[in-house]
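Enquirer: The structure's right below; bear with me while I get my questions together.
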Amino acid sequence: MSRQRLSPSLGESSHHVCPRCSGTGTVRDNESLSLSILRLIEEEALKENTKEVHAIVPVPIASYLLNEKRAAVSAIETRQADVRVIIVPNDQMETPHYSVLRVRKGEETSTLSYLLPKLHEEEMAMPSDEEPAERKLPEQPALAAFVMPDAPPAPAQEEPARAAATVAPAASAPKAAAPAQPGLVARFFSALKNMFSSEEETKPGRSSG
């Protein structure tokens with residue numbers, strides 16, 4: 001068995017996945033992310049028994065939604081007359097992270113809007129649908145691949161070999177039973193012998209005449 005490293009390397013133990021991009025190396029721009037959040041707000045507003053939709057987003061995203069997309073946010077509230085959309089900027093957030101939370105009827109709260117991030121802190125800890133999962137996999141022991149199987153390996157297929165062994169003598173039996181055919185040389189000498197014997201039989205007949 002070759003030597004294998006049983007402990008993580010120095011790079012693996014001292015480097016971590018980027019908490020912002022989750023190891024992908026890229027993040028969405030503000031405009032694209034804002035439009036995605038706007039669609040998610042509308043989806044939550046369309047659900048039954050929705051009273052409020054809280055969007056806790058980074059400051060640049062909140063600025064874009066409250067200014068450039070103010071008409072779109074107002075249109076959602078107009079189409080869903082009983083739904084209120086609350087957009088809360090959070091300076092502790094960085095793109096592409098955000099949280100869109102749905103509040104049902106009867107679950108409303110009188111908490112001030114800037115205190116909503118602390119109120120929804122546990123729910124915000126859950127990753128959103130847009131955030132990619134971390135690509136770092138849990139480390140597996142190097143000897144995991146060498147685990148012995150519970151059952152011994154199945155024996156080699158002996159039955160086909162035995163069947164082939166029995167078929168081989170059976171196939172060779174007709175060859176042994178067939179009479180041996182004389183060779184070309186044997187047939188040549190046999191013809192010569194017959195020819196000389198016929199000549200000897202004709203000679204006494206001629207002498208008697």
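Backbone N, Cα and C atoms are what each Cβ position is placed from, and that goes for glycine too.
Bear in mind that TrEMBL entries carry predicted annotations, made automatically and left uncurated.
Take a look at what TrEMBL says about it:
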- 156-180: compositional bias 'Low complexity' (COMPBIAS)
- 17-102: domain 'RNase E/G thioredoxin-like' (DOMAIN)
- 125-180: region 'Disordered' (REGION)
Enquirer: Using DSSP, what is the helix/strand/coil residue split across the domain 'RNase E/G thioredoxin-like' (17-102)?
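Expert: Breakdown, helix to coil: 35 helix, 18 strand, 33 coil.
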Enquirer: Mean pLDDT over the domain 'RNase E/G thioredoxin-like' (17-102): what is the value?
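Expert: In the predicted model, the domain 'RNase E/G thioredoxin-like' (17-102) has a mean pLDDT of 94.
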